[in-house]
Amino acid sequence: MSGGMALSFCGNSKDINAYSVDNGVLNNGCFVDALNLVPHVFLLFITFPILFIGWGSQSSKVQIHHNTWLHFPGHNMRWILTFLLLFVHVCEFAEGIVSNKVMVTNHLHLFMPAFMGFIAATTSVVYYHNIETSNFPKLLLVLFIYWVLAFITKSIKLWKFAEFHVGPQHLRFCITALLVILYGLLMGVEINVIRVRKYVFFASPQKVKPPEDLQDLGVRFLQPFVNLLSKATYWWMNPLIMGAHKRPIELKKIGKLPIAMRALTNYLRLKDAYEDQRTAEEPDRSPSIWRSMYRAFGRPILLSSTFRYLADLLGFAGPLCISGIVKYRNAKEDVAAEDKMKETYLGVYFMSSTELLQNSSVLAVLLFLALVLQRTFLQASYYVTIETGINLRGALLAMIYNKILRLSTSNMSMGEMTLGQINNLVAIETNQLMWFLFLCPNLWAMPVQIVMGVILLYYLLGWSALVGASVIVLLAPVQYLIATKLADTQKNTLEYSTDRLKKTSEILKGIKLLKLYAWENIFCDSVEETRGKELTSLRTFAFYTSMSIFMNAAIPIAAVLATFVMHHFINKTGPSPSEAFAALALFHILVTPLFLLSTVVRFAVKALVSVQKLGEFLQSDEIGDDSWRNGDISVSLDAGKKHPGMTKAINRKQPMRYQMDNYEQPTRRQMRPTETEDVAVKVTNGSFTWGNNLLTLSDINIRIPTGQLTMIVGQVGCGKSSLLLAMLGEMQTIEGRVYWSKLPDCEMVNEGNISKNRYSVAYAAQKSWLLNATVEENITFGSPFNKQRYKAVIDACSLQPDIDLLPFGDQTEIGERGINLSGGQRQRICVARALYQNTNIVFLDDPFSALDIHLSDHLMQEGILKFLQDDKRTVVLVTHKLQYLIHADWIIAMKDGSVLREGTLKDIQTHDIELYDHWKTLMNRQDQELEKDIQQDSQTTLERKTLRRAFYSREAKNQIDDEDEEEEEEEEDDDNMSTTTNRRSKIPWKVCWCYLSSGGFFMVFLMVSSKLLKHSVIVAIDYWLAIWTSSKTNQSADGGTMFNGTSLANSSNTTQPTSSTLEPENDSYYLPVFIILCAAGITLCLITSLTVEFLGLSAATNLHHNLLNKIIHAPIRFFDVTPLGQILNRFSADTNIIDQHIPPTLESLTRSTLLCLSAIGVIASITPAFLIPLIPLAVAFYFIQKYFRVASKDLQDLDDSTQLPLLCHFSETAEGLTTIRAFRHEARFKQRMLELTDTNNTAYLFLSAANRWLEVRTDYLGAVIVLTAAGASIWSLHYGVDGGLVGLGLTYALTVTNYLNWVVRNLADLEVQMAAVKKVNSFLSTESENYEGNMDASQVPENWPHDGEIKIQDLCVRYDPMLKPVLKHINAYIKPGQKVGICGRTGSGKSSLSLAFFNMVDIFEGKIIIDGIDICQLPLQTLRSRLSIILQDPVLFSGSIRFNLDPERTCTDDRLWEALEIAQLKNMVKTLPGGLDAVVTEGGENFSVGQRQLFCLARAFVRKSSILIMDEATASIDMATENILQKVVMTAFADRTVVTIAHRVHTILTADLVIVMKRGNILECDKPETLLEQEDGMFASIVKADM
């Protein structure tokens, strides 16, 4: 050791020779300290080389997952101990430095070893982590040696202290004792690792394998597997969140859930807890869901609550440290050095245990550490509850799903459990329970927090604090009241908005008709009226929201006001700065729990309701005793004998686990060892009910022969379908048995293999049920795909032409969210599914009901007789078509719920002649209908045609506008990554501005100014408080007794007389200003909260109004290319976001941003030095928010997009229960449900983990801000800044930590929500039709068009300037009163011509002149209101019949009745309740298609115009009605011009003039007789084909 170093290390006091070792080496304190350095230096020297070598070879680790694998025992214990060790080292270091200041010369040995110890401890944990991830346990020996050495050296030090009478009253003794304990514990941990892993001193080290999750590279959610530090800071998420910038996060990127979080794992946990409560003593007692939830998920909730309590307690460190810093920062260290030197042992000074806490720098560091820890614990608590909540949700969903699969059918049909209820359980109740779990630790943490806060306040300010606290507590119930009111208002709003949506969707569906009749505005007004009601209820909603925001902002101000005014009156003086600002910070802490408490209580109430609903659902009836259903219990034969109802359980299906391999089907032939058996199913004296004590089927004795075709016939409602379901076990058996033919005994032995698919029944229900999947998946339904078989099935059901029409063939999505198919198409797909399945028995329930005659025959011949009979499958067919009875092998005739006859057709012919004759007459009638049916074009071709029309318009749309994603994609195609990066992280300022400006400029100005004013007033209040309290300090400080914080009352007695005379005046001057400022602050809070909400409201009003008007007045082409769903989405989801979500987000964003800015402003103005460290902090903050916003948006999208399939899967299952159970596909559907749940949960978990990632980072930033602010204020001591102002700065710095993450979260939310504004905006830019025209409406004659003369000159028409013309240079002349027919192939431009009369399409050349006026010159309203048209598809609106015929209310009743009479509807309407005011349901569903078409005719007749255009109006009417129509048109419209566009040529053979069109040109135009004579003409050939 060189002299210089030595001198400074041990200090060189004059009187003590620091280096003398006369009294023994160990008795020199300095030597003992030097000895303590040895282990630290040893560790650093050994580990650094190893670490560097290790880091060099790091690149060889390829497998990403195992390096997060933590497998040394005592892992978490070691991390916790190390953190404690670091903390104690920091204390030791602080103590050393403070003691050193007391000494005359520097004694390095007081703090140097502590510093080295800190570095060594850090190194030890880094070293340990690297060893653990690379799995070299032998290197841990180094650490073991280090712990032992450190333990020994510290023990020596402690022993020497004790010898020299240093005791626990001295801080250094306590610290050393703590270190000894910690080193000892760490030594123990290390020994434990050796004991368990046996990596040294033992012959056979233990082999370890990573857990399953980490071997599977699909698991990307690493939170459970990383080390404590990474767990606390979410470090492992960095790559994901940073990477989101370059390319969006997709489902692949977030991978699978760890096993412990999967729905299946949690379902089993919850189910066990639930079932365990069913004891043997009370088997019927319903288990409590609460208790099972507690048993399954109680432990993590307790853990989370512990974290929460720790965080709350640490939260109070903030105010206390502030009070300390303000109190002690100008405490002069006047206490004579001699007093201090009394505490000298071993030649150095020892301080008492409390003295350290009176140093303001130490307090600042403590404050920082406390904040960091508090935030870490808080986020950990949030994370644990969220993870548990998600687990609970997965478990509940699986539980509900399993219950749905076992629900008794009667429950569903008798309406005890409607689909709506089930959907609510899934979408609402489970989510509410999840949210309750998120919030439930608050229920018991908050009261504790409040009580603690009040106690501390009392300790600081005495009784007056209780006044302020009581203000807060008393206002809490008011907040709860507001919260419940909010929930009610939201319900009302929801009712109005569903009503509005119904009206809107009706308008959009019938938009073509509305435009042709010029009725848009009438309907538009009715929507506006409903919207008005909705807005009234939204106004109340906005009012309550702003009240709740106001309460939250104003309560702390009111509390502070009450407290300080009371304090003034009780103590006659204001408080000291240290007390005042600690109190201020405490009030801020107290408000949050009280504000949240109302929310939490509300959620708790909701959760109680949800649990009750869930309990009722889980207790509801199930299907029979179905041990074979849930596959958990295997059933032995003896069990079957005890319960007569269970026989089928044994025979039908072997127990099934959750596996997919049950679906590999045995080959066909193997399954037929039982051909000796001739009965497949036998029912003996069965009586069945649907569970309402009424027998639906009674006295049933039937048998179904194996491999034959059995038909069940009978009248409507005689129980045919019920019989099928009874055989499937869906009904409740009152008596009797259903036998399914048994397996031979030899097969019972290896029951697993052959019998797998034995009694799965292919069943096609009467009401067709489709999955949300491709056509192919709907038909194969989980069976392996076999091309030949698939093709045969499709041909048998004649699906090929329909599949060819679909945009992607059989890969097109159909079902709820897919393409809408017609009834016949759906039914044929269901039948195809039944045919394709490889089962022995096929049940078909009336498969012909929605098919026309050709298809039925084809299906019967090809499908049932050929395809199924060739396979020797047992077929049971329910049908009304008696002409097929000749094909049946066995017939069951039913009547009124019992069997009338059973046997072959011959038996019935001989034994029951009456019945046979009855059938014969019915068959004749059916045959006549058959002939009639053949004359008219089949309904199938019509269905196909509408389908094709739908697609062509859609394909055109696909080319033009792909849901505003196009523009974005183009940018993404650039290889230049930076463009996407910029786009993805940019804040959509333009859209925000558009939103604000639609709220009105005055409102925007009001909002901005009131916000700024409010925040400046709040700052002013606190600033005034600072000046007020500081003024006290300065006066009393003259008395010299202030610094140690004795109460002000004493100090003012000792001050000079002058200042005591000043006191009262001062207070009388400060207090009123304070009261005025507080009052102003409260009023401004009210104003701002109201302006923001009402700004949002006026923006919502304007946006919706403009959107509705734009869309209703858009050209018809717009509706052809924009899918209806997309337009409706703007009116539902997007409008909802604009109405309810944007205003609160905007409010929260502006508030938190302004709070942060004002806080930073205040700190900077008090201590300008603070601005220097602010720059790097700001940069860090910028990057954090930039990365987070992008990632959060992606994850939110993923969460939304994975939620929909899950909800759909539930409702699908509930609808298709009988089918799923008949097919025995429960396990496959469960599997699918678990996959969907897990996917959604993964997205949600990542989303909440990303939120934690952000909050931890912003909280740490906030803590650094507090540290720098405290540092700056201590440092600025030399400039003599007032204590009050320092307190002010620190209080503000504390609030920043709370609000920083809100700024980012709200920004991210606002960005997602602004997308809604953007979408609405994109529609606002569509062109409207030109409604004005070039003529004034007044110039048009009243009775125009009176003759009905039409001249078409050189007419060219296109749908869009981008597209080719559809009519090219057409010339025609129609005389007044002529009846004209237009025909031609599909797509020849017939309908386009009819639209041209109404100026609905773009006429870019030529003109149409009606009665001397060019229609392009007319205002659209006038033109369209003077012509009439009957469209191909009849459109009726919900309302009354009167409203449908005459929405403008211009006609008399007589005129309406006359029109109805002409349309042959008068008698029918008379019988309806209410006559003309009878109700028409949505889309006119309560009338048949033919009747609807006749209503449309009546509608055209009410409008007495001289030109009528019929666009294929007779396509959906039967022959009889059509003949009537033709007659009516001839008589009632005798003197008017009628243009008929014909779908079937024979309707226009009687016309005066026929125009034949082809490809947009007129091919032939003459009288029909003349045209028929030209045999090679187009018209002649069309007529031939049609006849």
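Cβ from N, Cα, C; glycine included.
From a predicted model like this one, the values you see are computed outputs, not experimental measurements.
Tertiary proximity for the transmembrane segment (37-56) is limited to same-chain residues at least six positions away from its ends with a CB under 8 Å from its CB atoms, namely 112-113, 116-117, 119-120, 123-124, 126-127, 130, 134, 139, 142-143, 145-146, 149-150, 153. Taken from TrEMBL, the feature transmembrane segment covers 37-56 (among others).
Feature annotation from TrEMBL assigns transmembrane segment to 110-128 (among others).
The transmembrane segment annotation in TrEMBL covers 140-158 (among others). Residues 26, 32-33, 35-36, 38-40, 42-43, 46-47, 50, 72, 117, 120, 124, 127-128, 131, 173, 176-177, 179-180, 183-184, 186-187, 190-191, 193-194, 199-200 of the same chain lie 6 or more positions beyond the ends of the transmembrane segment (140-158) yet place their CB under 8 Å from a CB of it.
Sequence-distant contacts of the transmembrane segment (170-189) (same chain, six or more residues past either end, CB-CB distance under 8 Å): 74, 77-78, 81-82, 84-85, 88-89, 91-92, 95, 99, 117, 144, 147-148, 150-151, 154-155, 157-158, 161, 343, 350-353, 355-356. Here TrEMBL flags 170-189 (among others) as transmembrane segment.
Residues annotated as domain 'ABC transmembrane type-1' in TrEMBL: 310-606 (among others).
What TrEMBL lists as transmembrane segment is 356-374 (among others).
What TrEMBL lists as transmembrane segment is 380-401 (among others).
If you look at the transmembrane segment (450-476), the same-chain residues 6 or more away from its ends with a CB under 8 A from one of its CBs are 312-313, 316, 319-320, 323, 551, 555-556, 558-560, 562-564, 566-567, 570-571, 575, 579, 582-583, 586-587, 589-591, 593-594, 597-598. TrEMBL lists 450-476 (among others) with the feature transmembrane segment.
According to TrEMBL, the feature transmembrane segment maps to 541-569 (among others).
Per TrEMBL, transmembrane segment is recorded for 581-605 (among others).
Per TrEMBL, domain 'ABC transporter' is recorded for 681-921 (among others).
Annotation source TrEMBL lists region 'Disordered' at 957-981.
The feature compositional bias 'Acidic residues' is assigned by TrEMBL to 961-976.
Look at TrEMBL and you will find 987-1008 (among others) tagged as transmembrane segment.
Among the features that TrEMBL reports, domain 'ABC transmembrane type-1' is placed at 1019-1311 (among others).
Residues or ranges marked as transmembrane segment by TrEMBL: 1069-1092 (among others).
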Do the transmembrane segment (1069-1092) and the transmembrane segment (380-401) come close, with at least three CB pairs under 8 A (pairs 6 or more apart in sequence)? no
Any residues 6+ beyond the ends of the transmembrane segment (356-374) with a Cβ under 8 Å from its own? 87, 90-91, 94-95, 98, 171, 310-311, 314-315, 317-318, 321-322, 324-325, 328-329, 331, 1259-1260, 1262-1264, 1266-1267, 1270-1271, 1274, 1297
Of the listed stretches (310-606, 681-921, 1350-1584), which one yields the highest count of Cβ-Cβ distances below 8 Å with the domain 'ABC transmembrane type-1' (1019-1311)? 310-606
Lying 6 or more residues past either end of the transmembrane segment (987-1008) yet within Cβ distance under 8 Å of it, the residues of that chain are 1088, 1091-1092, 1094-1096, 1098-1099, 1102-1103, 1106, 1138, 1142, 1150, 1189, 1307, 1310-1311, 1314-1315, 1317-1318, 1321
Long-range CB partners for the transmembrane segment (110-128) (under 8 A, at least six residues beyond its ends), listed in sequence order, are 9, 33-34, 36-37, 39-41, 43-44, 47-48, 50-51, 78-79, 82, 85-86, 89-90, 92-93, 95-97, 99-100, 140, 142-143, 146, 150, 179, 348
Non-local residues, at least 6 beyond the ends, that sit with Cβ under 8 Å of the transmembrane segment (380-401): 223, 231-232, 261-264, 266-267, 269-271, 274, 293, 296-297, 300-301, 303-305, 307-308, 311, 422, 425-426, 430-431, 433-435, 437-441, 614, 617-618, 1206, 1210, 1213, 1230, 1233-1234, 1237-1238, 1241, 1244-1245, 1248-1249, 1252, 1255
